[in-house]
Amino acid sequence: MTKIGIDKIGLALPNYVLDLKDLAAARGIDPNKYTIGLMQEAMAITPVTQDIVTLGAQAAAQILTEEDKATIDMVIVGTETGIDQSKATAVYIHGLLGIQPFARAIELKEACYSAAAGLEFARNHIANRPEAKVLVIASDIAKYGLNSGGEPTQGAGAVAMLVSANPRILELNWDNVYQTRDVMDFWRPNYSPYPKVDGRFSTEQYTDCLQTTFEHYRLQSGKELDDFAAVCLHIPFAKQGLKGLRALQPSPKHEERFFEAIRYNQQVGNIYTGSLFLSLLSLLEQSKALKAGDDILLYSYGSGAVCELFSARLVSGYRDQLMTDRFEQMSKRQRLSMEQYEELFFETIPIDEMGNSPELPEDNSPFVLTKIENHQRIYHKH
Ligand code: HMG
């Protein structure tokens with residue numbers, strides 16, 4: 001059987017960051033609640049010139065060669081921060097990146113879960129066309145609103161994965177199991193800029209879905225937790241992932257790997273569809289204990305709720321495809337004051353009756369939203 005999986009991983013984070021100690025001070029909350037209680041340090045903040053298109057394109061541009069762009073025949077974007085009810089984000093990104101025209105471009109939605117489905121769709125596509133490559137992007141901006149319960153768990157960013165035959169990072173194993181249950185733990189009605197959340201209920205659903213799906217996975221696959229060198233989970237905030245992992249009665253090695261797998265997430269916050277893959281990237285780039293041939297179990301959870309468990313095997317030489325200076329890159333982000341955060345993150349674009357916005361502020365990022373003209377979002381590539 002053809003080996004299919006993740007050949008490259010790209011990451012885009014906005015240039016701004018809020019330290020959660022600053023948020024705690026402003027909200028009159030003990031900072032330990034955020035740093036120990038939620039196990040989070042900081043959250044990535046976008047200005048109005050950045051959205052899921054610019055972040056997604058930036059993450060993908062980081063990894064794609066001209067040869068890749070000539071070979072990709074499907075672009076899948078998983079997101080729950082859609083910018084249009086009709087046109088897919090993937091179409092904008094396909095255009096901005098200059099991917100060959102005879103490709104499919106679609107957007108998938110199911111809260112934080114959809115990019116995991118995208119990965120499996122990519123694998124199935126390549127199983128039929130081994131010469132093809134599929135670009136899977138998870139791009140989101142998690143905004144809960146000022147003074148909301150979820151405020152310390154906000155974040156923004158995108159992860160791009162190039163899926164191909166004979167991948168150089170991870171080979172996807174054919175062992176996916178899923179669960180769907182119709183619950184109202186977190187959702188966002190069309191008329192609302194922020195999600196509605198039943199916070200405690202959502203944390204219970206996350207863990208119960210994990211436990212029950214893992215039981216199903218064991219029966220289906222015959223594998224036990226000990227068969228895995230590491231477990232990567234959706235990380236809405238790091239403590240949630242730890243509670244989920246502990247519900248599976250992990251070994252000390254799994255807990256050690258877990259702490260390597262949350263390092264990026266702790267500095268970024270929840271990036272919804274990308275959170276699981278940000279954690280995977282953190283594990284792969286930060287762990288010295290992993291080696292080729294090791295299997296990693298992945299848990300994707302999207303409120304509403306759909307979850308999936310699947311595994312992947314590390315390929316020989318995988319480290320050559322990764323970066324070693326991710327923290328140095330993150331340290332270049334501008335730390336915002338509370339005043340700047342409240343202004344920047346919650347700014348909305350004014351649009352006149354003709355559907356035009358003013359020119360938006362300067363932004364040197366690789367891809368930028370410059371204005372809205374005649375109701376059309378205008379992007380610029382630097
Ligand atoms: P809360 O009510 O503000 O916090 O909201 P809490 O009272 O539950 O405290 C949180 C933790 O801090 C607790 O730890 C406290 O004990 C501890 P735990 O007992 O759970 O281990 N704590 C302290 N620790 C040290 N020093 C202190 C201190 N004070 C308290 N002084 C909640 C927490 C998660 C509900 C809130 O942040 C929220 O609503 N977040 C958004 C929803 C969410 O992230 N849910 C996660 C599961 S659902 C999911 O993952 C899907 C999602 O990504 C969306 C999607 O799929 O699209 C969210």
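Cβ from N, Cα, C; glycine included.
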For the (3S)-3-hydroxy-3-methylglutaryl-CoA site that TrEMBL lists with Asp30, Lys243, Asn270, give the additional residue from the candidates Tyr113, Tyr144. Tyr144
Checking your reading of the structure: which of the recorded positions Glu80, Tyr144, His234, Lys243 lie inside a 10 Å Cα sphere centred on Cys112 (active site, acyl-thioester intermediate)? Glu80, His234
Using DSSP reduced to three states, classify Gly149 (substrate binding site) as helix, strand or coil. coil
For Asn270 ((3S)-3-hydroxy-3-methylglutaryl-CoA binding site), the one of Glu80, Gly149, His234 that lies nearest, given that the recorded positions are compared by Cα: His234
Among Glu80, Gly149, His234, which are recorded as recorded positions, the nearest neighbour of Asp30 ((3S)-3-hydroxy-3-methylglutaryl-CoA binding site) by Cα: Gly149
Rounded to an integer, what is the Cα-Cα distance in Å between His234 (active site, proton donor/acceptor) and Tyr144 ((3S)-3-hydroxy-3-methylglutaryl-CoA binding site)? 18
